[in-house]
Amino acid sequence: MSHKILLVNGPNLNLLGRREPSVYGHQTLADIVAELNQQAKLAEVELEHIQSNAEFELINAIHATDAQMIIINPAAFTHTSVALRDALLGVAIPFFEVHLSNVHAREAFRHHSYFSDKAIGVICGFGSQGYEFALAAAIKRLNQPQ
């Protein structure tokens, strides 16, 4: 496998499938990651995954990765984490921002993202399918001639 993508999932996403399924869907994070691993395998891309409720663990994973692309669902850190933004900018790895729900159709405090202005693209409101869209876009970019 010639390319590697880091999938980063932030706080409370470990509760997918039981936390507000009307907003976030019924799939668990393990289900979503398993589907993404299949998609990556078909494209001959390695997918590395981390989920943490601790900001520093996500930052450390970003600092340590040798991936060429990142897909991140910062979850609640979207609206609060300058440190996570700085980690992404510090490693200078292109990234896609993903949200299960349409954050712009929710509470006003969820409308602001510390990541969107630096992301290649933002995908929100498509549920778990948003991850699939992001992975397909990341793979396509990685396979483009330099």
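Positions of Cβ are set from backbone N, Cα and C atoms, glycine also.
According to Swiss-Prot, the protein carries these features:
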SITE      Arg19  site 'Transition state stabilizer'
ACT_SITE  Tyr24  active site, proton acceptor
BINDING   Asn73, His79, Asp86, Leu100, Ser101, Arg110  substrate binding site
ACT_SITE  His99  active site, proton donor
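Classification of His99 (active site, proton donor) by DSSP places it within a strand. In the three-state DSSP assignment, the secondary structure recorded for Arg19 (site 'Transition state stabilizer') is coil.
In terms of Cα spacing, the recorded positions Arg19, Asn73, His79, Asp86 that come within 10 Å of the residue listed as 'active site, proton donor' are Asn73. Most Cβ neighbours within 10 Å, among the binding-site residues Asn73, Ser101: Asn73 holds that distinction in the structure as shown.
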